[in-house]
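Over in TrEMBL, the protein carries these features:
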- Asp34, Glu35, Asp142: divalent metal cation binding site (BINDING)
- 28-249: domain 'RNase H type-2' (DOMAIN)
Amino acid sequence: MDLTPYIEHNWTSVFVDSSISEKCKTNPCVLGIDEAGRGPVLGPMVYGICFCPVDKHLDLKAAGVADSKTLSEEQREKIFSIIQEKNDFVGWSIEVIPPLYISNCMYKRPKVSLNEVSHNSAIGLIKRALSAGVQVSEVYVDTVGPPEKYQAKLQEIFPTLKVTVAKKADSLYPCVSGASICAKVARDRALSKWEFPEGLDIKDWGSGYPGDAVTKNFLNNSLDPVFGFPGIVRFSWSTAEKIMDEKCVPVAWKEDDEEEEGKEKTPSVLQYFAKKDKPVVGAPSTKKIHNFFSDRSLKRVTSF
């Protein structure tokens, strides 16, 4: 798994793909989807897919795949090596989604929720496998949000595929377990080689979860009162927002003020049409107009 493109540019989304065997291109395949790093305030979220022919699904289980959360880092690395060795019938693909992208999405107008980011990544990875020639026939997904709605959404987009969305799918379906391991291994490797474009030299930031004391200490010590957090931080998380509100220099955004004023003083379109003047007793019947208008034969609009 070559993560060099992401390690060198950890503020951009990156795809990494395995080779695809002929068996996956010529036989109906199962495809599992799962993520790693949805909850942490630090680091990327990684979405992964793992696929193999339908008749090889149990062989994938025999390789030892399981929910990555139940395995140690050493166990995950070992199983991922087995997955790579079995590339004659197993394939995978991942998308590394940087914290900067996640935060920007959540601050957009209208807001793009983390669920929507997750759905878009899953949909994109399915399309990526199909475009690469994988004969996907069945899709299994660990749910994000209500499973019934998510399944209906995917089924509408991919009407020719059999789609199953379920809670704890990573412990029920071997292909989802494989996707879970691929995603978690990629996230761990990306974090272990994280380079700070800001020039910081920090190696220990804990688990990355908001409740971790080491992570909280990192957030407090890496904060700049003007520029905020380094790019490894998802600054849209409430944990980060609270620290910025308490310790950063207050900022008044001029464009926001203007926008608010604009809402109160939005002019009516009618003001762009001349009003029809009421006749005034003793006033001349016509008004003299400026030469600019008379030279161009322009007249006032008096009705609409």
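Glycine is no exception: its Cβ is also placed from the backbone N, Cα and C atoms.
Of all Cβ atoms in the shown protein chains, 23 besides its own fall within 10 Å of the Cβ of Glu35 (divalent metal cation binding site). Cβ neighbour density within 10 Å is lowest for Asp142 among the binding-site residues Asp34, Asp142. Within the model, the domain 'RNase H type-2' (28-249) carries an average pLDDT of 90. The divalent metal cation site is set by Asp34, Glu35, Asp142; from the centre of their CB atoms, other residues of the chain with a CB within 8 Å are Ile33, Ala36, Tyr47, Gly48, Val141, Val144, Ala169, Asp170, Val176, Ala179, Ser180, Ala183.
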